[in-house]
């Protein structure tokens with residue numbers, strides 16, 4: 001013991017030099033946990049302690065040290081806790097415990113989920129008062145070393161014991177010697193490989209026994225039977241946890257509980273197949289009461305049985321064989337599976353000879369093929385309700401009793417229908433499935449068909465259902481239907497199509513309104529309310545009742561209206577073109593574009609040239625008048641004092657440039673534009689261009705820019721009407737007229753020079 005204490009303190013100094021010790025003295029200074037509450041309970045959990053701390057009060061009764069990092073419990077660690085009754089050390093890293101660490105007054109001790117590889121009887125030698133002990137989740141393989149005193153020999157007052165872990169391999173006879181008053185036992189032995197019969201047999205009767213035996217149930221059912229034999233009795237509640245039961249072999253150990261007359265068995269966090277459930281019920285003889293054998297003499301008189309929402313998971317075949325006069329059986333809203341229904345219907349042997357109505361809706365059935373086989377020999381079955389089950393597919397072929405006329409397969413998960421459906425059907429309910437089409441099955445005797453709540457986009461083909469009288473196809477994805485869709489239904493008289501996604505076209509709206517009218521041509525009646533018929537598109541009509549929709553002529557006759565509109569547009573275009581031609585609109589646009597271009601060029605030139613004006617006047621004349629210009633005009637103006645500079649297209653235009661650009665540039669670089677007017681000028685193409693641009697210059701506000709010289713008399717009416725401002729200028733301003741008399745010509749040249757220089761407003 002002295003050596004053990006020395007090693008303990010040495011480990012503290014070596015492993016934890018900075019926690020709880022003085023750097024100068026080397027003496028361990030234990031941390032203090034607190035505060036504690038008025039019930040003398042100290043919560044010291046989850047504080048990363050590496051050793052047991054002290055507390056502020058010495059009378060503490062309950063100490064919670066769980067979820068720390070404590071590795072060792074030394075002899076003196078709990079010496080100050082003289083009145084301690086409950087000690088919780090679970091979820092630490094405890095590897096060693098001193099033999100005299102725990103005092104006699106402890107009532108509850110939790111050492112679960114630590115790292116104890118070996119259990120020592122010495123730990124519990126003073127704990128005669130201990131009532132609750134948990135050793136779950138450590139690393140030990142046996143309950144104490146073999147050949148030593150029994151681990152729990154001193155625990156005479158123990159009431160609750162929990163032991164075991166994934167590594168526990170053996171439970172030996174005598175391991176629990178000394179435990180006499182145990183009420184609750186929990187054993188974790190998922191990998192248990194050895195169990196000595198009688199190991200748990202000396203401590204009964206127990207109140208509750210919880211067994212974790214997943215591995216033994218699969219690998220060694222005989223071992224489980226031995227354990228059950230020791231713990232099962234009428235006074236014990238048996239809890240079997242974390243097991244997987246797959247078949248007959250794994251359920252075999254439960255036969256012992258039946259022999260021992262165990263009254264309470266609970267399966268917790270366990271997985272059972274349907275097959276295992278049936279075998280388990282047989283093994284524990286659960287049918288003894290549910291089969292009604294004590295009242296078998298009464299069963300043969302029953303004609304109708306209804307067990308609805310009663311958590312029934314099986315009706316034994318033995319009971320079914322006694323119901324010889326049963327006509328109506330309702331087991332809806334229960335826990336029937338394919339396997340348990342097979343047992344209830346005696347594997348399809350047809351014992352229920354007079355059964356006419358069978359309702360097994362709202363259960364856990366999955367196989368449509370199986371249910372057809374189970375009822376095939378029920379020769380008088382007329383009505384079968386298997387709705388609200390987990391059917392996801394329909395086999396290509398099935399066998400049904402020939403008398404079956406009513407079948408309810410609604411509220412399942414079927415995506416398509418196949419010829420599996422019986423040909424004898426008169427009423428079929430396939431509502432609220434996931435069907436997207438119904439066009440591969442011919443049911444010639446069918447009178448009533450329910451397809452509401454699916455995803456159908458069109459009506460079923462009428463030629464497949466020649467006897468159909470009633471069709472319900474509400475809440476699907478129908479857009480529209482028409483007279484041709486109903487034409488193939490020879491006997492259809494009632495139709496319900498509300499709550500679909502209708503496209504409210506003119507034809508469809510007109511057709512539906514006629515069906516509601518008193519003078520309806522169709523023999524089919526829409527029996528659901530008009531408020532269930534709502535438009536889904538077009539968007540402006542979405543949500544509106546179909547019978548309230550008012551569609552315009554444009555929506556109902558778009559081709560006619562478009563044709564009319566196109567004709568009107570064409571005629572209007574021609575008329576507008578004529579008007580624009582009369583008003584010279586194209587000329588205005590062309591001149592406007594050219595003038596804007598010239599303006600842009602002019603601004604660019606002004607930016608680089610300080611004085612862009614190079615000429616006093618630009619002379620515009622026709623080639624017919626070229627002689628007069630060169631012989632008289634040019635010499636008189638350019639040789640005057642001071643001389644005037646003239647711009648002539650023949651002499652001053654830049655070669656290689658566009659003629660229009662030359663004209664505009666000449667006008668822009670001249671102070672005046674001098675027009676030599678004559679009949680030849682009016683009919684000259686280029687003179688007209690020059691006159692056009694001069695006209696735009698007049699619009700620019702420079703009314704003095706134009707000088708008119710008439711070589712011969714010409715009326716203003718000969719000037720084109722589109723030159724409105726020029727015509728007005730000729731009407732409001734004087735112009736120079738070339739005199740035929742020789743003596744008046746000097747006056748003419750004098751006035752012209754003044755006009756060009758701008759000294760006279762003319």
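Glycine is treated like the rest: Cβ placed from N, Cα and C.
What TrEMBL says about a protein is an automatic prediction, not a curated fact.
The number of other CB atoms found within 10 A of the CB of residue 36 (disulfide bond), across every protein chain shown, is 19. According to TrEMBL, the disulfide bond annotation covers 36-42 (among others).
The disulfide bond feature in TrEMBL is assigned to 317-346 (among others). Within the same chain, residues at least 6 positions away in sequence whose Cβ sits under 8 Å from that of residue 317 (disulfide bond) are 343, 344, 345, 346, 347, 351.
Its Cβ placed at the centre, residue 420 (disulfide bond) has 17 other Cβ atoms within 10 Å. Summarising the annotation, TrEMBL assigns disulfide bond to 398-420 (among others).
The domain 'TIR' feature in TrEMBL is assigned to 613-756.
Summarising the annotation, TrEMBL assigns signal peptide to 1-20.
If you look up TrEMBL, you'll see 559-581 marked as transmembrane segment. For the transmembrane segment (559-581), the list of distant contacts is 553: same-chain residues at least six beyond its ends, Cβ to Cβ under 8 Å.
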I'm trying to understand the geometry here, so how far is the Cα atom of residue 398 (disulfide bond) from the Cα atom of residue 36 (disulfide bond), in Å to the nearest whole number? 74
Using a 10 Å radius around each Cβ and all protein chains in view, which of these disulfide-bonded residues has the most neighbours: 42, 398? 42
Could you round the CA separation between residue 420 (disulfide bond) and residue 36 (disulfide bond) to a whole angstrom and send it over? 74
Cβ neighbours of residue 346 (disulfide bond) where a neighbour is any other Cβ within 10 Å: 19
